[in-house]
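In what follows, a single structure is set out as structure tokens and then discussed.
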Amino acid sequence: MLIPSKLSCSYRLQNAIERHRLLALLDKAEQYPLVLINAPAGYGKTTLISQWVAGRANVGWYSLDDSDNQTDRFAAYFSAALSKAINQDSQLSDNDRQANLSSLFNQLLIKIANIQPHFYLIIDDYHLIDNEEIHEGLKYWIKHQPPNMTLVLISRSVPPLGIANLRVQEQLLEIDMYQLPFTHQESLDFFHNRLGEQFSAPDATALCDQVEGWPTALQLVSLSAKQHNTSLQEAAKRVAKLNSFHISEYLNDEVLSGIDEETRYFILQCSILRSMNEKLVQHLTGYTNVRKKLEDLERQGLFLQQIDSEDNWWRFHALFASFLTRCCETELYDQLEELHQRAAQAWLELGYVTEALYHAMQLKDTTALLSILQNNAWNLFHHGELALLEQSLSKLDMSNLMRYPNLVLLKAWLAQSQHRQSEVNGIFNEFEYALQQNNIELSKEQQAEFDVLRAQIAINQGDENSALELATDALKDLPDTFYYAQIVATSVIGEAYHCFGDLSKALDVQQSAEKMARQHHTYHNILWSLLQQSEILSAQGFLQAAYDMLDKASGFVKENHLQKVPMYEFLLCLKGKILWEWYSLDRAEAMANAGMEVLQKTEDTLQCLALLSRISLVRGDLDNASRLLKEMTLLQTSHNYHNDWLANADEARTLLWQMTGDKEAARNWLLQNGKPRTDRNHFSQIQWRNLARSYILVEQYDAAQLILDKIIATAERLNLTSSLNRALILRNRLYLLQNKKDLAQKDLIEALRLSRQTNFISAFVVEGDIMAQQIRQLLQLNVLDELALHKAQFILRNINQYYRHKFAHFDEQFVAKLLQNPQVPELLKISPLTQREWQVLGLIYSGYSNEQISEELQVATTTIKTHIRNLYQKINVMNRNEAIDYTRELLKLMGYS
């Protein structure tokens, strides 16, 4: 239920002066998609816009408060204000609870596309919004809103909506703190309006200069002059006290001290209300003729503002309200409990649960708070009022909550939804102890709901046995009406089967979870089930089917505007991994970079960085791979990660060590890392291969053999086809290094056969020269069929490409580090190479001919010859071989062998 006062213009204008110069600017508003009124508090922003819209048709108004940071709440009020702007009585949107704000906005944009007259939507106090989804949604709206609409934002700060770009494109009309202060003439008009002829013009202009035209200060001074019957000059002397530390003292001395005790008491009682109407005030104060009392206060200029609405709502000016709150806490301390109790009850009777909760939270007695939460909490949860719920529940300890299991469960889900799993465990442990101490037993339905959450935590922590048992048992006792718990339980069961390696059953269960989620429109559960299905298909070796599933998920994301949810990064990363396997490196890199843009926290980028490092490795860009791995190491030392994430990071590390021959790093890593507890899923098989690769590098071949034989047998038995393909490639390396050429050839032929299904390329390419030698031999033996032959030739071609690129990337960061080395030749410091010359030198070292360098850098061959001649002179070499030797010595200085 929407509060009417939030959808109406907040100010009545009988005492306001006309801001002619600013109103003239605003008359051009329809030429712009966005009008921004931006200045600190008290500059008359809302008053100005209220003047401008007075008598204007097709205007919608939305006044924000702190509670509007919840996306669903913002969406509901935005839609309602838009309906008023186009004079539509019914709500525009069919359902405000879309997957996100952009989904609602798309629906609204379609419905208003054919509206003819120009209309305006005004959002007041936008600085209260710090929800990134709302910012992004409004940016999207501004970009796509119809040309006959103007959005007007009133804010104390510049909102993060691409304002600079709108300025450049001349799409913004802006009025800020340099234009809003009163001019001398406006201050004269203001005091004439308030004080009649009882003021001196020089005093008024001097006062205007003193407060730099701040309207609120002029308002306070005029009140002081009127109440104390003093000159503006005397009142101006008091203004010197007016600063952030003395505002309360000033308001008390100059405003409250001039009113009678009865009125003061009435105002202080009303000050606990953030907005009010006659019924609320009457219930709170006991006054009968409330409307007259409020109108009298407004006429006295006591910062009470009547909102133009049929329901007659009022509220105090924000500065004055803050001051009154402090006064009330001091002067009515012994009555606050009763006042908030009355207020909570009054709001409930009017149907405003969120306001009732606000007052209930102020009470020492938690009875009212418990009652409101018991009857309304889950509905608020499903409507996205998470912050309000957390704040409310934080007021209650377990002694209050133990007889309300549904509220304990809600508190735990709130923590789980924000990945605070340790907090969830603490809530459960405290609750169980309280139940035991008070001999309270949960019903089987209640226990089932708790067990679903426990199952979710267990699967997140890698305990699939407990997760499966808890979720399976819970489903038996969950009523059909508990659909959310049923969807979560089903999904957890699917994940558990996945971990056990029972991929067929896991796929069936995740398909069931998707069907249930679609039935109940739980968007995040739909997306999660699609991603799980893709991972299962990929593990089975059906990479094309897995990629198609990810395309389906991408379509769902775009359709429901879920591009900002962290799960979208997971989707992009899964796509990138498949593209890496297919040697589509540019597209894989694009996916990883897009995933990085989705994430807001640096610590969440580990998976994307791991993918980028593997891309660099298969390209032969070892210096970039090394830099990325250093970034990953820094993240891992500062944050805790799931074993799956660590295994992916270690996969890139062990490949780099293999390619650089870094036995010492591999040896140290083996000492620090234990063995996974299972090999039944593709997650754990990654780490087993990391161990085997490291054992091979340090020449502990027997240890590597044991691991590879075991995981290959498991992969064959459970149809982990992708893991089998990778393990065979690695065992091929082991056999060749042991000179077991027949066994190596057998594994390679089988790996090539499996790649018909998986279409693996990069897994072969990254093995480098040892793979190239064997493929050449197979081609000579002519033992491959046509498909395998084509694939082998493609792999060989790209391995050769890798070797040409091995140290070809002399980027700016690498060169800067090189030149800082004290052992670098002095001539290189005296006559430094240009960035292009460094690139050419790197390509010469990598074995490129002049023609290949020309093709790589997309410049003419004659230009390349000029670069070569210049760099030869600078580094004092005569020919290509000397340049290669020179470059090799530089690389040794940087630690490359």
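Note that Cβ sites are derived from N, Cα and C of the backbone, with glycine treated the same way.
The shown structure was predicted, so the numbers you read here are calculated from the model rather than taken from an experiment.
The ATP binding site annotation in TrEMBL covers ALA39, PRO40, ALA41, GLY42, TYR43, GLY44, LYS45, THR46. A helical conformation is recorded for THR46 (ATP binding site) in the three-state DSSP classification.
Note on the domain 'HTH luxR-type' (826-891): DSSP counts are 51 helix, 0 strand, 15 coil. The domain 'HTH luxR-type' feature in TrEMBL is assigned to 826-891.
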- Item | Model confidence over the domain 'HTH luxR-type' (826-891) (mean pLDDT, whole number) | 86
- Can you tell which of the binding-site residues (GLY42, GLY44) has the fewest other C-beta atoms within 10 angstroms of its C-beta? GLY42
- Item | Cβ atoms near TYR43 (ATP binding site) (within 10 Å, other residues, all chains) | 23
- Per-residue Cβ crowding (10 Å cut-off), top of binding-site residues ALA39, ALA41, LYS45, THR46: LYS45
